[in-house]
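Peer 1: Here you go, one structure.
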Amino acid sequence: MSGAAPDREALIDLEAFRHNVRTLSALARPADTMLAVKADAYGHGMVPMARAALESGATSLAVLDIPAALELRAAGITAPIFAWMHDPDALFGEAAEADIDLGISAVWQLDAIAAAGASRAPRVHLKIDTGLSRNGSTEADWPALVRSALAHDAAGAVKLHAAWSHLADASPEDDRVALDKLHRAVAVAEELGARFELVHLAASSAGIRMPEARLGVVRFGIAAYGVSPFDDESARDLGLRPVMTLRSRVVSTKRVPAGHGVSYGLTYRTERESTLALVPLGYADGIPRIATGRARVWIGGRRYPIAGRIAMDQFVVDLGDGAVEVGDEVVVFGEGDDGEPTAEEWAGWAETIGDEIVARVGPRVERVYLNTTDALVGSVREIATPEEMHEFGRSIGATLAAGDVIVLSGDLGAGKTTFTRGLGEGMGVRGPVTSPTFVLARTHPSLVGGPALVHVDAYRLGSALELDDLDIDFAGSVVVVEWGRGLVEALAESFLAIDIERPHGAGAGGGSDAGTDADVDGAEAGDAPVEPRTVRITGTGERWR
Ligand SMILES: *Cc1c(COP(=O)(O)O)cnc(C)c1O
């Protein structure tokens, strides 16, 4: 953001978010976790949250509509993406080509998908209205919707995949009635010949408190952002961590006498001589005006009341005799560990829910991401599929800078090329990334104005001297060296070592000798059985401390 604008930031702690996703997905198992990143990930920023979710246990993503799903695809995300709100002009053809899962509530939507004539058939999830009265077929219209889906499936226009609904969260009894309605709808559809691979219902609330509603997948949203879906338990009570901290800085202070009026309408008057501080956040930034008179903010380790009306761009804080200076940090809400308010408290002050408090944070507030790499150095992780390996590579690639060196080790077929391909995508370099065996080193220039990726196969290099002879621009690019152990140490002070291990006893997929053949792990993704990998990440030198 331009240095001239007042400091308004939403700090987004990706490690808190990953902790929440891990916690929730462990709770939901054996159900899978779909992470809702609709509404720009509840105000947190869609793409970074989507990536962090997939890094930490979510296997699919939920967005409201097709344009958001296409944006995730454009960002390189390959995991299943579910979108369910469509108007008559929805881009069903583009959605089908991009392999987006579509929530379907009406026959016209199926007809529109078929009419779009895409080259591939999208998976459809038929929605039954179980009481919320929003989207979803009525029980009366359900058989016709199922028959239409079966006909379009038989004609190859769609793949009938799932049945689903969404809960009203009114009471446990209401939710049980809704679950029964969903089960009945599935039974009716099965009698008509439908077979569902998946049935889903629960969001955060039922995903946490109603195990029988977890079914095949839970669509977690707000809980993953560290805001409780319940009135009677906070996120902290649930073992979840608030993800967003909304902060700014004091831009002016003044000493005023007792009885001094503050802000529009002069609804507030100082009780005694007092210091007032001005903060450049207002309802245009999502601070709810209705919280006037109740809300508190955190400055210099203390809570102070907002004095008078919250305005469009600013509010005033009554500091009393508190020692606060221009430039001091103001936390509107955050984790709450030190006593700063939480989004949940703001929800109470504004007579709303925490979801609204975070989702309404406005576009002038810069999102700043903390802990962008997943406690990377020193960690050991299981990577279950080639898709996850690709995502893992991407998540690392997105955080690398010129001068970074990665030493990549693993048997033939371990997934080195899959990893590096993801890494290249995360960096935004020109592909395709393939094994550099025959050329020793290949340079992939950046498509986004960043550093190039230099991909080196050091298998046949006898010494660090030979590696040096390749004249690689270590300072100006990101260098990935396969088989680089024992060579890179002489050329780079800092490097990240990534060791990919296959499970004990799993043979090399290609069966050929390392170094004499191209790394076949890309091909392996297609036909060999998928075996989990263990990945060890260790750092050497200042950069990776
Ligand atoms: C928003 C939404 C979710 C996630 O709900 P939370 O209560 O935030 O967990 C899941 N499914 C649908 C259809 C939604 O609209």
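Cβ coordinates are placed from backbone N, Cα and C, and glycine is handled just like the others.
TrEMBL entries are annotated by machine, without manual review.
Among the features that TrEMBL reports, N6-(pyridoxal phosphate)lysine is placed at Lys38. According to TrEMBL, the feature active site, proton acceptor maps to Lys38, Tyr264. Summarising the annotation, TrEMBL assigns substrate binding site to Arg134, Met312. Under the heading domain 'Alanine racemase C-terminal', TrEMBL lists 243-370. What TrEMBL records for 507-545 is region 'Disordered'.
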Peer 1: From the Cα of Met312 (substrate binding site) across to the Cα of Tyr264 (active site, proton acceptor), what is the distance in angstrom?
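Peer 2: Pair distance, Cα basis, whole Å: 11 Å.
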Peer 1: I need the most crowded of these recorded positions: Lys38, Arg134, Tyr264, Met312. Count other C-beta atoms within 10 angstroms of each C-beta and give me the top one.
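Peer 2: Result of the Cβ crowding comparison: Lys38.
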Peer 1: Which residue counts does DSSP yield for the domain 'Alanine racemase C-terminal' (243-370) in the helix, strand and coil classes, in that order?
Peer 2: 22 helix, 47 strand, 59 coil
Peer 1: According to DSSP, folded down to helix, strand and coil, what is the residue listed as 'N6-(pyridoxal phosphate)lysine'?
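Peer 2: It is helical.
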Peer 1: Averaged over the whole of the domain 'Alanine racemase C-terminal' (243-370), what is the pLDDT?
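Peer 2: The answer is 97, the mean pLDDT of the model over that range.
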Peer 1: Helix, strand or coil: which one is Arg134 (substrate binding site) in, per DSSP?
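Peer 2: SS state of Arg134 (substrate binding site) = coil.
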